[in-house]
Amino acid sequence: MTMADAVDMTASSAARVDVSQETLLRNRKFVRFWLYFVLFTLFALVIVGGATRLTESGLSITEWKPIHGVIPPLSEAEWQEELEKYRQIPEYQQINKGMSLDDFKTIFWWEWAHRLLARGVGFVFALPLAFFWLTGRLESSLKPKLLGILALGGLQGAVGWWMVASGLVDRVDVSQYRLATHLTIACLIFAATALVARGLAPHSAGRADEGIRRFAGWMVVAVLFQIYLGGLVAGLRAGMTYNTWPLMDGALVPGGLFAQTPALINFFENPKMVQFVHRLGAYALLVLALWQMVFAIRRAPGTTHARRTILFAVLVLAQAAIGIVTLIMVVPIDVALTHQGVALVVLFFACAHWRATKGPYPLPEAPRRRRDEDEVYAAV
């Protein structure tokens, strides 16, 4: 083989590498758009779940039928059968006794829509995942990440029924522990999906230094913890306890925070303490966001990473303001849902910022590249 032939083979190999890299980038774009759509459906699911809770509709369906439950009652007799099942649980007997069929239909549709949307999210995630996997469009490094998210989704379905079951026998509502767990797992799925999607996106800036990366990671943890505290507030209806700000019952530290024994249980079962801790969590999150902003501006002035911390601090401040309005207005449904929705926006931005400080996922080596180069050098 002549030197000219070797040069031609090298050029051909380079062309195949370029085409392969182009294919990898195109596949990344499709996977990224799919994951962003999954995020949209997850956002809708959490909002519908919040509306189901705020309208006290979550116990209207007393059975778990993963397949047959997709079909709602279609006749008057079937509606009466569902209402009769609802009449057997404490919520109806102690709170909604005498509820008309029309009123029951209202709460039923909320819970049915929530469950149907949850199933829909599962299909929106699982079917494209199978397609990308089987057609070779999915990078090997992404497979365990996406399988982990799918497993969390399956766990979330079981936790959802575990939560509902807590309100069907002895209680008139669901356990705040289980509700907070259900909400937190939903947000973990949301956060994990956001991290993978952002890792597949082009990055305008390089990796940030280790301090900025570490701070961004801890901010994600802080946001998730505050959302968990919000789940406890929702489960105990603790938002109704004190509806003034900045004072609570005329004091910065209200009385009755340790009314229950042992003392530790107050942090989970005393509505006064739970709201107090959630308020403190909001203040702490805002301080952390401002601290991160100052830290990033000093460490990397003028960079995209620093500018993102400014926007994040603004989002956290806005969320705190919405939380205050929610309290003062005594938790109206529309404002409370806005508060819940903005919490997801804050979480998404925290995850996107953290992933951006680490740079995009590295592209895998183009197939055949090494073998082609070896052939060229051997021929020469």
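A Cβ is built for glycine as well, from the same backbone N, Cα and C atoms used for every other residue.
The Cβ of His278 (heme binding site) lies under 8 Å from the Cβ of Gln226, Leu229, Gly230, Leu232, Val233, Ala238, each of which sits 6+ residues away along the same chain. Taken from TrEMBL, the feature heme binding site covers His278, His339.
Under the heading transmembrane segment, TrEMBL lists 33-52 (among others).
Taken from TrEMBL, the feature transmembrane segment covers 116-134 (among others).
Within its own chain, the transmembrane segment (146-165) has Cβ neighbours under 8 Å at 58-59, 61, 64, 66, 115, 118, 121-122, 125-126, 129, 138, 174-175, 178-179, 181-182, 185-186, 188-189, 192-193, 196, counting only residues six or more beyond its boundaries. The transmembrane segment annotation in TrEMBL covers 146-165 (among others).
Taken from TrEMBL, the feature transmembrane segment applies to 177-197 (among others). Below 8 angstroms of C-beta separation, residues 32, 35-36, 38-39, 42-43, 45-46, 49, 53, 142, 145-146, 148-149, 152-153, 155-156, 159-160, 162-163, 166, 220, 224, 227-232, 234-235, 268, 344, 347-348, 351-352, 354-355 of the same chain, each at least six residues beyond the ends of the transmembrane segment (177-197), sit close to that stretch.
Annotation source TrEMBL lists transmembrane segment at 218-238 (among others). Remote same-chain partners of the transmembrane segment (218-238), defined as residues 6 or more beyond its termini with a Cβ less than 8 Å from a stretch Cβ, comprise 50, 53, 173-184, 187-188, 191, 268-269, 271-272, 274-275, 277-278, 281-282, 284-285, 288-289, 292, 312, 340, 343, 346-347, 350-351, 353-354.
According to TrEMBL, the feature transmembrane segment maps to 276-297 (among others). Remote same-chain partners of the transmembrane segment (276-297), defined as residues 6 or more beyond its termini with a Cβ less than 8 Å from a stretch Cβ, comprise 208, 211-212, 215-216, 218-219, 222-223, 225-226, 229-230, 232-233, 238, 248, 253-254, 257, 267, 303, 305-306, 308-310, 312-313, 316-317, 319-320, 323.
Feature annotation from TrEMBL assigns transmembrane segment to 309-331 (among others).
Annotation comment: TrEMBL describes 337-354 (among others) as transmembrane segment.
Panel annotation: around the transmembrane segment (33-52), residues 58, 110-111, 113-114, 117-118, 120-121, 124-125, 128, 132, 183, 186-187, 189-190, 193-194, 196-197, 200, 234, 333, 336-337, 340-341, 344, 348 of the same chain, lying at least six beyond its termini, place a Cβ under 8 Å from a Cβ of the stretch. Following the DSSP three-state reduction, the secondary structure of His278 (heme binding site) is helix.
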